[in-house]
Amino acid sequence: YLQLPADLTKMHLTDNPHPQVTHVPSSQSGCSIASDSGSSSLSDIYQATESEMGDVDLTGLPEAPVDSEDEEEEEDEDIDRTSDPLLGRDVVRECLEKEPADKTDDDIEQLLEFMHQLPAFANMTMSVRRELCSVMIFEVVEQAGAIILEDGQELDSWYVILNGTVEISYPDGKSESLCMGNSFGITPSLEKQYMNGVVRTKVDDCQFVCIAQQDYWRILNHVEKNTHKVEEEGEIVMVKEHRELDRSGTRKGHIVIKATPERLITHLIEEHSIVDPTYIEDFLLTYRTFLPSPLEVGNKLLEWFTMDSLRDKVTRVVLLWVNNHFNDFEGDPAMTRFLEEFEKNLEDTKMKGHLRLLNIACAAKAKWRQITLQKPSRDSPLFFSLLGGSDKGFGIFVETVEIGSKAAEAGLKRGDQV
């Protein structure tokens with residue numbers, strides 16, 4: 001059926017009968033995020049309201065040729081290439097074997113895609129990783145048992161293991177094994193440093209990338225220039241990284257890379273950078289990993305809704321949430337109550353356009369359910385009331401459900417269509 005909402009920034013919401021919609025070509029759209037109930041945009045919901053969920057007028061839409069067999073074969077080849085991990089490693093190795101001065105932007109992007117998976121690069125910002133990829137040098141040690149660094153040897157590089165295993169034997173007799181993704185060598189300082197212990201390979205064909213001390217210090221020492229720290233009451237609550245998405249410098253700004261849970265929630269209603277346009281979608285997709293309950297977000301949204309200046313932003317967050325992750329509400333009675341309260345707030349503030357979008361999103365995303373409600377006798381109450389029917393000209397809907405009743409326990413909810 002109808003695809004629903006994709007990017008609320010492309011739509012001007014209003015309570016007028018015919019809101020203005022700005023259609024943006026698909027080539028300009030941002031990243032799409034898959035979710036448990038299918039992602040979409042509010043502009044699609046709006047299109048659904050215009051057609052009243054009936055036939056869709058497709059006139060005026062751009063036409064595209066049907067894929068030919070040749071194109072399908074090319075797509076199959078692309079899938080084969082990307083699904084072959086060995087081929088991916090070969091491409092990375094080709095990029096690594098080039099001298100730093102010969103690496104192109106595409107080479108650096110290939111290296112960046114590979115390196116960000118390694119633990120050694122895990123806590124670094126994107127700009128730091130990119131700089132390191134541009135200066136790293138590839139080294140291979142063919143034989144097991146070869147000594148890479150002697151005890152007391154002056155260090156001049158930072159090493160990251162790409163393949164194989166090395167062992168560090170310390171003077172006190174202890175030893176440590178390092179494998180793919182681990183690092184050893186210098187710290188980001190220009191002071192003279194010396195190796196404590198002996199580093200030797202444990203297997204054949206050990207591969208490393210090395211970054212010279214001068215480059216390593218320079219890149220990590222200047223990381224502060226690319227980050228912005230937000231402090232509250234003397235504590236850092238958010239760190240943003242400055243990024244440029246193109247060489248022209250027109251698309252640049254700060255993107256959130258880490259923050260406290262409370263600060264991440266607050267950022268939902270703040271202005272988002274041009275380089276971080278999908279922050280709300282990203283948050284709604286990942287909040288389960290750092291928040292014990294979605295109500296922490298819901299309660300803050302209800303609180304902010306009372307402020308006129310934040311009302312539109314809060315509504316946008318809720319509409320995206322309902323549209324992309326309706327299971328969060330449908331499977332949680334507390335969140336269902338939150339949605340009912342938010343719906344009532346929209347009615348009270350006469351935000352009819354937004355209320356219409358919310359109702360259509362809920363109707364489109366809701367799943368069919370079968371509920372069995374047993375009564376002790378024919379005359380016993382139902383504990384719910386219905387609205388509508390043929391005499392009213394529309395379907396039969398549940399108007400109210402008594403809280404704590406058998407009907408509520410069975411899963412009947414206000415707004416259900418029978």
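The chain as shown is numbered from 1 upward.
The backbone N, Cα and C atoms fix where each Cβ goes, glycine too.
Per TrEMBL, the features are as follows:
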type: REGION; residues: 12-86; note: region 'Disordered'
type: COMPBIAS; residues: 26-43; note: compositional bias 'Low complexity'
type: COMPBIAS; residues: 66-79; note: compositional bias 'Acidic residues'
type: DOMAIN; residues: 120-220; note: domain 'Cyclic nucleotide-binding'
type: DOMAIN; residues: 252-365; note: domain 'N-terminal Ras-GEF'
type: DOMAIN; residues: 370-418; note: domain 'PDZ'
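Residue counts for the domain 'Cyclic nucleotide-binding' (120-220) under DSSP, helix first, then strand, then coil, are 20 helix, 39 strand, 42 coil.
Secondary structure of the domain 'N-terminal Ras-GEF' (252-365), assigned with DSSP and counted as helix (H, G, I), strand (E, B) and coil, comes to 82 helix, 8 strand, 24 coil.
Model confidence over the domain 'Cyclic nucleotide-binding' (120-220) is summarised by a mean pLDDT of 91. Under DSSP, residues within the domain 'PDZ' (370-418) fall into helix, strand and coil as 5 helix, 15 strand, 29 coil.
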